[in-house]
Amino acid sequence: MLHAHMSYGRGGVDVNGVPQPFQPNPNVPLLTDGQMVDDIPPEQHALVPSFIGGGGKRIHPLPYADPNLPVQPRSMDPSKDLAAYGYGSVAWKERMESWKQKQERLHQMRNDGGGKDWDGDGDDGDLPLIFSPVELLYHFGWTKMDEARQPLSRKVPIPSSQINPYRMVIIIRLVVLGFFFHYRVMHPVPDAFALWLISVICEIWFAMSWILDQFPKWFPIERETYLDRLTLRFDKEGQTSQLAPIDFFVSTVDPLKEPPLVTANTVLSILAVDYPVDKVSCYVSDDGAAMLTFEALSETSEFAKKWVPFCKKYSIEPRAPEWYFQQKIDYLKDKVAPYFVRERRAMKREYEEFKVRINALVAKAQKVPEEGWTMQDGTPWPGNNVRDHPGMIQVFLGQSGGHDIEGNELPRLVYVSREKRPGYNHHKKAGAMNALVRVSAVLTNAPYMLNLDCDHYINNSKAIKEAMCFMMDPLVGKKVCYVQFPQRFDGIDRHDRYANRNVVFFDINMKGLDGIQGPIYVGTGCVFRRQALYGYDAPKTKKPPSRTCNCWPKWCICCCCFGDRKSKKKTTKPKTEKKKRSFFKRAENQSPAYALGEIEEGAPGAENEKAGIVNQQKLEKKFGQSSVFVASTLLENGGTLKSASPASLLKEAIHVISCGYEDKTDWGKEIGWIYGSVTEDILTGFKMHCHGWRSIYCIPKLPAFKGSAPLNLSDRLHQVLRWALGSVEIFFSNHCPLWYGYGGGLKCLERFSYINSIVYPFTSIPLLAYCTLPAICLLTGKFITPELTNVASLWFMSLFICIFATGILEMRWSGVGIDDWWRNEQFWVIGGVSSHLFALFQGLLKVIAGIDTSFTVTSKGGDDEEFSELYTFKWTTLLIPPTTLLLLNFIGVVAGVSNAINNGYESWGPLFGKLFFAFWVIVHLYPFLKGLVGRQNRTPTIVIVWSILLASIFSLLWVRIDPFLAKNDGPLLEECGLDCN
Ligand SMILES: O=c1ccn([C@@H]2O[C@H](COP(=O)(O)OP(=O)(O)O[C@H]3O[C@H](CO)[C@@H](O)[C@H](O)[C@H]3O)[C@@H](O)[C@H]2O)c(=O)[nH]1
Ligand SMILES: [Mn+2]
């Protein structure tokens, strides 16, 4: 308090940039742990978190096979029923009985098949297949009610005409690979033994990584959701919605790299989402404790009051204003009502004013005043020291925090900045997410949550409903830990030079995984089941005794060859059982929330109560010292304890984001987002799969979420470096999928995929070697194979054809285009020889020297000139290895060609193989070369590079064919290893 506070209040700026007094929201006091809730005037108590307990009636989803529930056909007007079908008659009772039996059989069948996860024929829960339509009509009449009982989603298998040839080619490729290696190993090159050995080792490694990548793609599936059935079932018009509440998490850290306008758009798209308002809460985690983020959020909450009703009234898409107004559609075309045109124009203006206010805040935040930031009421901003500040929570909007301009309620919006103190490990994003898990549990405790990076806005306002089609499905739902949506991106250059879109991963690999145990979690755009994040095992389904192996169809080769569980099973059954239990403590690790029903049924009394106390202590050891939080974990369907006062809950919320809270608890080890890697996402998903959960991959036609990606080469390489580093960290941790979690619920092909996702950085070493080989071959005139016999060349050719064929067939079933596929190949090499390589060394450094790795946030594009980012060149050491490789191979080509010219026609034959090899490297690195030479349309540097290359070749040519120069072909002929006699 020594410094005079400058009045950096929460002042806004009007359209003309003239500062305006900000309308502070007096109802929403900022609460930090330095301030007791009791300090807040009581009239504000009611206003702050009065939404608590407002989660609405949470009901258990209706199971299909319970005829006593209201959604059953007989629940219609009974008098009508009576007349039409003879309600109550013997015949009716019989029909009812037989129906019940059928339902039970059906239920049993499904459970037996573990939800038919493995059948892959896609008819998962097709009710109409069980009943003939006539039968249905006879029994109940085909009404909307029946529709409501239908499954909410369906597996769509890949047509067998597409998948079977693909599988066949994979098998053929495997066989050919066998013969190929047989030849390679049996035929060393005597005069270039080292070259031969290195190349064979590399090839074996590539083959192994191919197997790891290939087999998880054996059972790809797609899915289809039925939103109308969801609506009929849970969200009927005129009734209170029975959809489950959901908490949204948005993470942001650095307002300079992640512009507040970007975050604001994400938040606005959440607030306007097509979901019952009282079931939506949005939590924003600010790891940068920036007053800028706070103020921007405050502005956003004001703007939301106009934006949200506008979105809902006209059902516009997407509901992030920046992207909505950027759409180049002719909204006048389809005879839209004139008032819409008027309102749209008005809203656009409002948004522009909002943007100006945000930009003014950003401009103001560029220079930190000496004494730090001061809030409008004159108190210093508690987060002035980013590394040492109290936890902060602020509730905007919500039931009493202000209605929209039409008087409707708005979703609650909560600003959270967890406490930071020096000497604590904050665990980057994972730590931030865990803080949000707890805060949200205390304040709203929705049974589901969606996490988004600050730049990933909701592009399809029905996305949450899509997820609920899986989560709320009484049959499939219970075992689902999360529903992952693919990441889609805006503003990527048309050719997607650096494979930012990751199409191959999102449209091929993930679909493959969905046919096994579900996609891996990619860090954003993912709806979680809260209980699954609490480290519990998936609820058990009764399996038929015959099914011994949980890793896919019984004939699954992996089980036999890699002996995951089946082989163990074969030897001694009890041993397996025991091992399983000791590893995962299965019996104890069931969610108490799920077991709650059983407890209630059992005899109540002192015994249960005592057990309850012990249990409470156990839970507090696991979840931390917050009784409110622990109590919340017991509610399967979410909701908060209505008895607690809002003020005390806020106090509790501050408590659970304090930095000592996680000490000696299971947070980050067993619970929540898992610590220990900068790619916390892989670890977190992996843990859940190990607990036997399944995840779901959901690809709505209109992309659910969209985000931004780093555009220029250096940023992209750094992003890939961080991902690879995360993988290396996992590799050296105790969570390494190679060794971890056997005997748990992880299926073996799923394990393959996890192994693949953490060992891939190691491929950088053979890749680097293999890319250097052609240059060496060209310079020395030696080669990695002896002269090919006819049989040998047959194997080489077949292998090439197989590689091609798998690629083409893969593109066919997945719908991925050749350009995306090829980009992916190219970037695999580019990233491999630069980012992955550095990641490997940094990872090793961490293991050996304990140097911690950092999470460098990728900057999210502002609204610069289009694609200027793509061409910006930033120097980084990551550029060295690929540049060197390129140069080496260019030199090799020049040298090789000049040698051949020197030696006459005979030497062109063997040269061809080497040139092809070098060419392979160069075309893969081509996008890198383009990135290296900078802006294409200003300085066509690429042309210069090519011209230098061509010039040198031609000049050499000229020198060599100079008739005055004597030909000297003797020694060089020997070098190429050919006997030309
Ligand atoms: O200490 C930190 C560091 C990062 N973040 C947030 O993490 C998110 C992801 O960061 P970004 O730089 O955008 O990383 P990307 O490589 O683009 O993200 C991908 O890869 C990450 C794993 O490395 C995942 O966490 C992301 O969800 C996924 O989109 C952003 O919202 C950040 O605000 C934090 O909240 N706290
Ligand atoms: Mn990102």
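For all residues, glycine too, the Cβ spot is worked out from N, Cα and C.
A TrEMBL annotation is a machine prediction, not a hand-curated record.
The active site annotation in TrEMBL covers D287, D681. Per TrEMBL, the feature UDP-alpha-D-glucose binding site maps to S251, K257, E258, D287, K428. Annotation comment: TrEMBL describes K429, D453 as Mn(2+) binding site. Per TrEMBL, transmembrane segment is recorded for 163-181, 193-212, 758-779, 791-809, 829-849, 870-891, 911-929, 941-961.
Sequence features, as recorded in TrEMBL, placed on the structure.
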residue: S251; record: UDP-alpha-D-glucose binding site; DSSP class: strand
residue: K257; record: UDP-alpha-D-glucose binding site; DSSP class: coil
residue: D287; record: active site; DSSP class: coil
residue: K428; record: UDP-alpha-D-glucose binding site; DSSP class: helix
residue: D453; record: Mn(2+) binding site; DSSP class: strand
residue: D681; record: active site; DSSP class: helix
TODO: Taking a cut-off of under 6 Å between Cβ and any atom of ligand 1, tell me which of the binding-site residues S251, K257, D453 pass.
DONE: S251, D453
Task: Shortest C-alpha distance to S251 (UDP-alpha-D-glucose binding site) - which of the recorded positions D287, D453, D681 - done: D453
- [ ] Under 6 Å from ligand 2 by C-beta, which of these recorded positions make it: S251, E258, D287, K428, D453? Sequence order, please.
- [x] D453
Task: Contact between the transmembrane segment (911-929) and the transmembrane segment (163-181) (at least 3 Cβ pairs under 8 Å, separation 6+) - done: no
Open item on the list: Measuring Cα to Cα across S251, K257, E258, D287, K428, which the record gives as the UDP-alpha-D-glucose binders, how far apart are the two most distant ones in Å?
Closed with: 16
Open item on the list: Is it the case that the transmembrane segment (791-809) and the transmembrane segment (193-212) touch, counting contact as three or more CB pairs under 8 Å in which the residues of each pair are 6 or more positions apart?
Closed with: no
TODO: With D287 (active site) as the reference Cα, tell me which of the recorded positions K257, E258, K429, D453, D681 is the closest one.
DONE: K429
TODO: Mind pulling out the one from 193-212, 758-779, 829-849 with the most Cβ pairs under 8 angstroms to the transmembrane segment (163-181)?
DONE: 193-212
TODO: Would you count the other C-beta atoms found within 10 angstroms of the C-beta of S251 (UDP-alpha-D-glucose binding site) for me?
DONE: 25
Task: Of K257, K428, K429 (the binding-site residues), the residue whose Cβ has the fewest other Cβ atoms within 10 Å - done: K257
Task: Among K257, E258, D681, which are recorded as recorded positions, the nearest neighbour of K429 (Mn(2+) binding site) by Cα - done: D681
TODO: Count the other Cβ atoms sitting within 10 Å of the Cβ of D287 (active site), across every protein chain shown.
DONE: 23
Task: Env. residues of UDP-alpha-D-glucose site, Cβ within 8 Å of mean position of S251, K257, E258, D287, K428 Cβ - done: T252, V253, D254, G288, K429, A432, C454, F855, V857
Open item on the list: I'm trying to understand the geometry here, so how far is the Cα atom of D681 (active site) from the Cα atom of E258 (UDP-alpha-D-glucose binding site), in Å to the nearest whole number?
Closed with: 20
Open item on the list: Below 8 Å Cβ to Cβ and six or more residues apart, same chain only. Which residues does that give for E258 (UDP-alpha-D-glucose binding site)?
Closed with: T252, C454, D455, V857, S859, K860
Task: Cβ contacts of D453 (Mn(2+) binding site) (under 8 Å, same chain, 6 or more positions away) - done: V250, S251, G523, T524, G707
Task: Number of Cβ atoms other than its own within 10 Å, given for D681 (active site) - done: 24
